[in-house]
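What TrEMBL annotates here:
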COMPBIAS  44-62  compositional bias 'Polar residues'
COMPBIAS  68-87  compositional bias 'Pro residues'
COMPBIAS  135-144  compositional bias 'Pro residues'
DOMAIN    370-407  domain 'Zinc finger Sec23/Sec24-type'
DOMAIN    444-680  domain 'Sec23/Sec24 trunk'
DOMAIN    686-770  domain 'Sec23/Sec24 beta-sandwich'
DOMAIN    781-884  domain 'Sec23/Sec24 helical'
REGION    1-177  region 'Disordered'
Amino acid sequence: MQPMGNDKPANVPGRPVLPSPAAPQLSTPFISPGPVVGLGASGVPQTTAPFLSSRPITGTQMSDYRSPSPPPPIRYNGPSSPPPPTSYPGQDATIYQQTHATRFPLPAQPGTPLRGPPSVGLPVTPPIGSLRPQPQIPSVPMGPAPQIGTHLSSRSYMPPPLSESSFSAPRPPPQPSLHGYSNVLPRGNMPPSPAETQFLAPRPVSQPPSQQAFPSFHVPPVHASPYHVHQGGVVPPPPPPPLGGPLGYNSREQMQYPNTGPPMGGSLQGLIEEFQSLSVGSAPGSLDHGVDAKSLPRPLNGDEEAIKIQETYPLNCHQRFFRLTTHAIPTSQSLLARWHLPLGAVVHPLAEVPDGEEVPIVNFGPAGVIRCRRCRTYVNPYVTFTDAGRKWRCNLCSLLNDVPGEYYCALDASGRRCDFDQRPELSKGSVEFVAPTEYMVRPPMPPVYFFLIDVSISAVQCGLLEIVAKTIKSCLDELPGFPRTQIGFLTFDSALHFHNLKSSLTQPQMLVVADLDDIFLPLPDDLLVNLSDSRHVVDALLDSLPSMFQDNVNVESALGPALKAAFMIMSRLGGKLLVFQSTLPSLGVGRLRLRGDDLRIYGTDKEHTLRMPEDPFYKQMAAEFTKNQIAVDVYAFSEKYTDIASLGSLAKYTGGQVYHHPSFQATTHQEKLRYELARDLTRETAWEAVMRIRCGKGVRFTTYHGHFMLRSTDLLALPAVDCDKAFAMQLSLEDTLMTTQTVYFQVALLYTSSSGERRIRVHTAAAPVVADLGEMYRQADTGAIISLLSRLAIEKTQSHKLDDARQLMQLKLVKSLKEYRNLYVMQHRLGGRLIFPESLKFLPLYVLSLCKSVALRGGYADASLDERCAAGYNMMILPIRRMLRLLYPGLYKIDENLIKGPEDFEKSLKQLALSAQSLDPRALYIYDDGFSFIIWLGRMLSPDLVNGILGFDLSGFPDLSKLALLEHDNEYSRKLMRIIKRLREKDPSCFQLCRVVRQGEQPREGSLLLSNLIEDQTAGTSSYVDWILQIYRQSQSS
């Protein structure tokens, strides 16, 4: 088998090196040598935002740029963290002792609270607020507090929150809360991290414990000269830089050593237009972290594609097909080294298009497909014609090519072909060419569907067998490729059951092979038949399948031998193999064992082996399948461990997909299975495909990430590919210095359509080459960055600990924000502010979400091994839009819609922040992550509304996990189902299964909803506010 490009660990920087012992001031991971936060030059605590987004800035070249020092080490405190290096025993021991010594308030030093004069023009708001601890899961206001215990297992896998003890006085003993989750331990009961204890400050005695600053919004007044003074004279000022307000944490040291001044240049109106601000300000000794959580940036409108790129390059393919992580390619290796985020692209070659925007099909006829004879680029809108139209210049390699006589056309006065508007390949970025016979190694294959179905007792009892049989039968008329479509079946338990579907039979014949060591086919033909010829026999088999095995008590699974038999049947034609597996393979080749129960392996260097295939058999079979154009989709159903890590490799290397249905029960889960299987069978599929991405001079793609087999250095083998799968790849510069002003990219997918036509789908895009790092950041695409970053993180977990993967993402984020800050902080004196471009305003939140995702969160107790691996396989193929929806799901309040019932519900549905503070106990909410709906019933929700949508009294149905949400004969229920239907229609590639949970129902409420409210601090993870403060701290340190 050929080596896989994506088998190698990602070429990413390792963990940062701990600072030298000679620098005691950097002994903690996040400390900075200067004052912790910036104040104005007058010593007045400024209350503007800790971070700001900006519009593009021009003309701010920095000639005195100094590369930043190495970043401080980033550590995750918790059981999964590695032990500290042995060369620092004394230091760590001291910090540990200090941690315990500062858990209670220290005696205050003499002095009065520091108070500066109020900012000019700002109303002075008296500090108000109450002293109360912050619970680990933020409270939801409700009626009488439920008698519940802590509902989530203790976890520790995220960076420690820095907003509490880092900048303020130690908390007093926790006070009882009046909120819903009253028995959850507050954060104050946890010992602070070593990083936190370095900044613990005693609270002055005269400071009332309940005093708390009230956040306020304002734009700082500007009294600066209209000119910037530089050495050598006075020059006009550049536009205002991207600014953020200083974090308003007050300390005596800052009063004595102010290190920042007000922004210079511009006007008040200019400032208002240039940036948005987030108010920050906390009084000494208060427990308020000083950040207004409501003002933090949130992607409440979903994925936002960059419109400007399409306007600047109108001939580019649409961004649904191809997106770069930044639409500005660096001109040099040194510039790329300062980018820190992944440089690459996300390709979605068969993305669904709206009606009226179909990709045009071009048939060149006898002229053949027009391509560059040197680099094999296809003719596209960016080629130029010369010599009166007799030659064309390739935009990728600049070679002059002859124009075939059949393709010749004269040029107009501007040098364009006269038939430019009639040629889609010259006027559109996406086009599909009909490939002539020289593009075929063999005659185009027919669509082939072969079903490998587990019929052991577990598959029969959960209802899987009956639903699969009925769904397949209902889809037979819609299978693509009629009348060429081929179909076949093989069932298995401890033996293999072959089914003769010969068209001359009235009933199918079953032939049993019990010898698992020497697999053979009992029939040479008729195991794979033409569907239109044998339709009556196939119908008879599907009708009889559930009853045929209804009394089966066999608990064994011979999946490995069944795969070998399926390969023998399909190898001549290829096609799609659908595997339905309900128990751990236990017999014959490929049998697997239970693993993952040994807790001692978590957090060690052997942890990643649990997420790798245990038996090489499955990867070897995947290589054989790919070689013979067979794609494998794996449907896994089990209450127990089924080793998704091993079974998923069948899908990973064949361009397939993993569908995981844990604890499947037909009564509640059948709707989702039916939808997913029907879409898998009926969506348009590209068969026996290969994909290659070509680039212009100076750049090349180096690593590829997704489900495929890498046939050569840049050729992706895809036995089957469809509209639901995307691929990511990383880009590198070949030359030290780029010589071109524009780089071109071309994606080419050669495939066989279901109708039997060989086609080439081509997407072409152009991007500018820039020498300005700021421009790279301004043209960044958060969606593409996080899609590529998530794939890198998933692959990192195949060879490293989960903790290492999370640190990798955080390190890239911190380095990039630090680098962007260095572009402006020296020239404009913007100390104490988190500065970032408008294009990346959501990136910190998405990285936090990625760290909290099922695939990467926590350790042993936070997700089952199968669920974690299945989530990883899914994230490797998700298109950008679905990836962002998974990372930041939608939360909607819908009870008012059910009562008032506005017709246009989409305008009335407003997405809410993913925090428990968004939940009202008197309301009804729906949570949508693209894979499931969680319908949350508040404790004080109207009983009439509850009875209407459920169809019964809630008190008489204690176990909501067995509830299937159906439409009932009342207006509430009909409106709810209409809302659910409209939400599902937004993305037909998935089906969200409805799960109903009521407030206070444990442990379901915690596991289904509260643990997924990513903005909250839940059992050891950082809240969004803590995370922003932590990223700010690390990006400030030098």
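For all residues, glycine too, the Cβ spot is worked out from N, Cα and C.
Cβ atoms under 8 Å from those of the domain 'Zinc finger Sec23/Sec24-type' (370-407) belong to residues 315, 364, 415-417, 425-429, 431, 433, 694-697, 744, 746, 748, 760, 762, 764, 766 of the same chain, restricted to positions at least 6 beyond its ends.
When pLDDT values are averaged over the domain 'Sec23/Sec24 helical' (781-884), the model yields 89. Per DSSP, the secondary structure of the domain 'Sec23/Sec24 helical' (781-884) breaks down as 73 helix, 2 strand, 29 coil. Shown for the domain 'Zinc finger Sec23/Sec24-type' (370-407): DSSP residue counts in helix, strand and coil, namely 6 helix, 11 strand, 21 coil. DSSP labels the residues of the domain 'Sec23/Sec24 beta-sandwich' (686-770) in these numbers: 0 helix, 59 strand, 26 coil.
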